[in-house]
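S.K.: Mind looking over this structure? Questions follow.
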Amino acid sequence: MPGIDKLPIEETLEDSPQTRSLLGVFEEDAAAISNYMNQLYQAMRRIYDAQNELSAATHLTSKLLKEYEKQRFPLGGDDEVMSSTLQQFSKVIDELSSCHAVLSTQLADAMMFPISQFKERDLKEILTLKEVFQIASNDHDAAINRYSRLSKKRENDKVKYEVTEDVYTSRKKQHQTMMHYFCALNTLQYKKKIAMLEPLLGYMQAQISFFKMGSENLNEQLEEFLANIGTSVQNVRREMDCEVETMQQTIEDLEVASDPLYLPDPDITKFPVHRNLTRKAGYLNARNKTGLVSSTWDRQFYFTQGGNLMNQARGDVAGGLAMDIDNCSVMAVDCEDRRYCFQITSFDGKKSSILQAESKKDYEEWICTINNISKQIYLSENPEEIAARVNQSALEAVTPSPSFQQRHESLRPIPQSRPTTARTSSSGSLGSESTTLATLSLDSLVAPDTPIQFDIISPVSEDQPGQAKNSGQGGKRTNPFGESGGRSKTETEDSILHQLFIVRFLGSMEVKSDDSPDVVYETMRQILAARAIHNIFRMTESHLLVTCDCLKLIDPQTQVTRLRFPLPNVVLYATHQESKRLFGFVLRTSGGRVESHPTSVCYIFESNNEGEKICDSVGLAKQIALHAELDRRASEKQKEIERVKEKQQKELNKQKQIEKDLEEQSRLIAASSRPNQTSGEGQFVVLSSSQSEESDLGEDGKKKKESEA
């Protein structure tokens, strides 16, 4: 006979939505078989019960056999063979329906027993296994929910052991019950053939034995047909026995192999983490907010498809889009009181999802897989090979090499001279390299004993020496003259340049040199290598504000300034040579680990493919600040020249006024010394008005003026 559809017993432990959907089809088929067999049983029961109704019962049996081809069984792979066989049976039963009067004994043994046994034993076994499986599935879901709610902060070994044992027991019970249930459903596809063919065969044999004299109806052709049907039944039985034995062996092997997987959090040493995956599927708990502070967790089946993260509820035929994870960011988060939580943020930062993995292995594999997909490695011809090479490069990056030049001589040629400026654009830093730094060791670029800071210091603790004060984030300085040392808010708002970028902080460390982009490249290499080795996936997301005065890291939720970097102190900035998502800058501070000695700290960030734009904005801000400083100096110089000219003009005016006063005093003295004479005719000499006024001053006034002169 043609092949029969089967439920995959190997996939019972995974319990995927596709398996559940296929199980629903088999359950629907079992219900249809049960319904049909009940009707066939009632028809044959009428033959057995009532002698006077034997003719009508055989006619109904023939009618039901004819209607088999109209039945719509979900698993009807061999319906044509069965339909043709049953059609031939229906014709013979129609011819013999009037001749069967007394067949009670033969029919009880040959016809009613097989179908009764199938109905009472096999169909009831399917219903019982279905109920047991449903109970085991519900117990497993409840155990998983209790395990997912285990407290992370208040961990109780006794409670954890009880919950883990509960998960182990319920998962084992569900797996075993599901495998036996699948085996019974697969066996039902064979038993339904036997249950329909054996009663008919027994019925016909009883008719042959009863009607020995009816050889005209029971010819050799019919006997040959019945013999073929008997052979087919035996073949089906043997095939069923072989399949049952194979399925039982598969169940035993899977029980042994799956025993370690019953634990919700298997040992990582026995089941290592695969970090080179570009596809993954499994159950995750997704957080859904129901209010301002309340949230619920839903367990769904998640899988990756290209650059998309899909989710699928149990019983659904297909999945739906959960999030586009191309160029996204993924990081571990502390969420409420749950373990193994991570957050996925879309490339534009507008959508984010918090998911919880079942085990640490799944937790790390999901983060690595999504990180590989976000870099669009899946678009290449050999995605897993490229992902393995990328991860291997991150691990090999911690191995010191003889010199920085030897590591990069295959990537770009060495220029003969060093540019005078550190960075004027994003392309200028990529192509510049100092011949002096090319011959230095790694210790000349990065301080060997400096620690790596993987997170941003909160504003409360920003008064640490060498960090917050040097970054311009310390407390406001006041002097005894009432002048404020910090910049006002209006100065930042009135800045010509005001650009905002979404960045994620990777780390910072102190460096020894700040005159070549190689320092930024080496710092990127060490920070990325340290993150890969220590499995650090968490990144603090911030808004980077670029103005003509400073660079600010702002909390996207509270709009609080986390760090402030004065623009004059940013002496170097560059993007990664291969990934434009990475960029960094060097901040020169006034003090650090060595007192009263300038230090340089390199900060590394990740952006959404905007590394060159950020470096261009910083370069533009420094150019604007430079031109503004030149304009300010020119303006101050012009004001100084005007003040000098004004002072000279005041001195000249003062000198002219003194000369005028001296001239007036000389004239008054000459006028006062002239005698008052009268003419010979007795007439007086007429004086001017000024002279007449001076004459009224008297002799004392004249003496006083003479003394003053």
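Each residue, glycine too, has its Cβ placed from N, Cα and C.
Automatic prediction, not curation, is the source of TrEMBL annotations.
The following feature annotations were taken from TrEMBL:
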type	residues	note
COMPBIAS	420-434	compositional bias 'Low complexity'
COMPBIAS	644-666	compositional bias 'Basic and acidic residues'
COMPBIAS	673-692	compositional bias 'Polar residues'
COMPBIAS	699-709	compositional bias 'Basic and acidic residues'
DOMAIN	277-375	domain 'PH'
DOMAIN	501-637	domain 'PID'
REGION	397-434	region 'Disordered'
REGION	457-492	region 'Disordered'
REGION	644-709	region 'Disordered'
S.K.: Looking only at the domain 'PH' (277-375), report the model's average pLDDT.
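M.R.: Here the predicted model's pLDDT, averaged over the domain 'PH' (277-375), is 87.
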S.K.: Going by DSSP assignments with H, G and I as helix and E and B as strand, what are the residue counts for the domain 'PH' (277-375)?
M.R.: 15 helix, 46 strand, 38 coil
S.K.: With helix taken as DSSP H, G or I, strand as E or B and everything else coil, how many residues of the compositional bias 'Basic and acidic residues' (644-666) land in each class?
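M.R.: Across the compositional bias 'Basic and acidic residues' (644-666), DSSP assigns the residues as follows: 23 helix, 0 strand, 0 coil.
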S.K.: Counting each residue once, how many in the domain 'PID' (501-637) are helix, strand and coil under DSSP?
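M.R.: Tallied per class, the domain 'PID' (501-637) gives 47 helix, 53 strand, 37 coil.
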